[in-house]
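So the structure is just underneath, and the comments pick up after that.
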Amino acid sequence: MDRLFINLNLVTMQTSLSNPSDGYQVINNAMIGVTNGIIEYVGPACSDVFHGHPDVIDCGHALVTPGLIDCHTHLIFAGNRANEFELRLKGVPYEEIAKQGGGILSTVYATREATEDELYHLAVQRLEGLKRDGVTTVEIKSGYGLTLDDEIKMLNVAKRIATLPDMKVSTTLLAAHALPPEYHNRSDDYITLICDTMIPTVAEKKLADHIDVFCEGIGFSIEQCQRVFHAALKHGLGIKGHTEQLSNLGGSALAASMGANSVDHIEYLDEDGVKSLAQHNTVATLLPGAFYFLRETQLPPITLLRKHSVPMAISTDFNPGTSPIASLRVIMNMACTLFKLTPEESLRGVTCNAASALGLQHSRGKIDVGMEADFALWQLNSPAELSYRLGVPDLIARVVDGVLFHEN
Ligand code: NIG
Ligand code: FE
């Protein structure tokens, strides 16, 4: 054993979803032993587990949770859309701005102009907000390039972020985010480009773990999303979708039936859709930041998700148009206040269920023997406080692969 963290008030998130009444099961005066970045012991303080000559790190009774996982972000882009924010506040709807060539496309123009270095520095600054909230794994999507080279440019930036010692990155190709202007009135041709060129190239270069789509009136149709999913699966990539955000097209059920790890947004999902998530073990990722920022009123079907035991993840959806919010704890609070999740569901949503949304449930999202040693140390008394208070720098440190990273 090479490192031993002692004096922890530990929340492992090992309790099962099927028995939510388990509660947090905080273990006071606990220890975690780590060997080569993997957890070897977790449980009550116990001298028997001392073997070898581990570094002993006294955590002074900090509350310890799994490192938080932000499982849906658009962290990489240039420019901003404060002008559209002002327009929307004057009453112009998000979909109307998109139809007039603003929205996602305005970020596409800015991102195409930017170099990899510029995009990297912008993203790393945004990442600081997530780190302050205890995030140790972040998912990052492309989707503001929409040409082969510009999508690869974005994914290269994500891979460069993945080399940081204190952050793990899961990458997603979201070429089917919006129709690029060059393909005006030829959306099927653009889908062909995605399926026949972008996905094979990105798979060959190992630049993406998942393929994502925006299945929506202002995005792509069910048939087009199905083609993209087929191509992704053929090349061994995972699938996920932006589905049922603004209307109910059936994208969630399609994605689930094809084996998606998650479907995201889902404000307009109906009970049949919820049932198909349950049937196919697909995670429902809720994005309260976008709901809040777009001043939506259609709530996601939380009661139905609970009724059918669908695991719920929550995420920032950090992006310039619908959720410029680089704080996962603000999102945890919104999940409780806007969607009425319990603080326990909210914590599950950024740990074990967020790991499942990325297909990483066997290595991250819980503190357990054999899992990667990623955790967050908090100056808090109870786990509910994570969702409760905003803006206080409660994080003491993050541990990534057993290595301690102190916050400033
Ligand atoms: O998750 N729904 C589509 N994509 C993003 C918004 C992207 C943008 O407006 O730039 C989302 O909300
Ligand atoms: Fe998104």
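Backbone N, Cα and C atoms are what each Cβ position is placed from, and that goes for glycine too.
From a predicted model like this one, the values you see are computed outputs, not experimental measurements.
Marked as domain 'Amidohydrolase-related' by TrEMBL: 63-382.
Non-local neighbourhood of Asp317 (Fe(3+) binding site): His72, Thr73, His74, Asp264, His265, Leu287, Gly289, Ala290, Ser323, each in the same chain, at least six residues away, with C-beta under 8 Å from its C-beta. DSSP assigns Asp317 (Fe(3+) binding site) to coil in the three-state reduction, outside any helix or strand. Among the features that TrEMBL reports, Fe(3+) binding site is placed at His72, His74, His242, Asp317.
The DSSP secondary structure for His72 (Fe(3+) binding site) is coil. Feature annotation from TrEMBL assigns Zn(2+) binding site to His72, His74, His242, Asp317.
TrEMBL lists Arg81, Tyr144, His177, Gln245, Thr322 with the feature 4-imidazolone-5-propanoate binding site. There are 30 other CB atoms within 10 A of the CB of Gln245 (4-imidazolone-5-propanoate binding site), with all protein chains counted. According to DSSP, Gln245 (4-imidazolone-5-propanoate binding site) sits in a coil region rather than a helix or strand.
Here TrEMBL flags Tyr144, Asn319, Gly321 as N-formimidoyl-L-glutamate binding site. Non-local neighbourhood of Gly321 (N-formimidoyl-L-glutamate binding site): Arg81, Glu84, Tyr94, Gly103, Ile104, Thr107, each in the same chain, at least six residues away, with C-beta under 8 Å from its C-beta.
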Rounded distance in angstrom between the Cα atoms of Thr322 (4-imidazolone-5-propanoate binding site) and His242 (Fe(3+) binding site): 13
Any further residue of that chain within 8 Å (Cβ to the Cβ centroid of His72, His74, His242, Asp317) of the recorded Zn(2+) site: Thr73, Lys141, Asp212, Asp264, His265, Leu287, Ala290, Ser315, Phe318, Asn319, Ser323
Top Cα neighbour of Asn319 (N-formimidoyl-L-glutamate binding site) in the set of binding-site residues Tyr144, His177, His242, Gln245: Tyr144
The one of His72, His74, Arg81, His242 whose CB sees the fewest other CB atoms within 10 Å, among these binding-site residues: Arg81
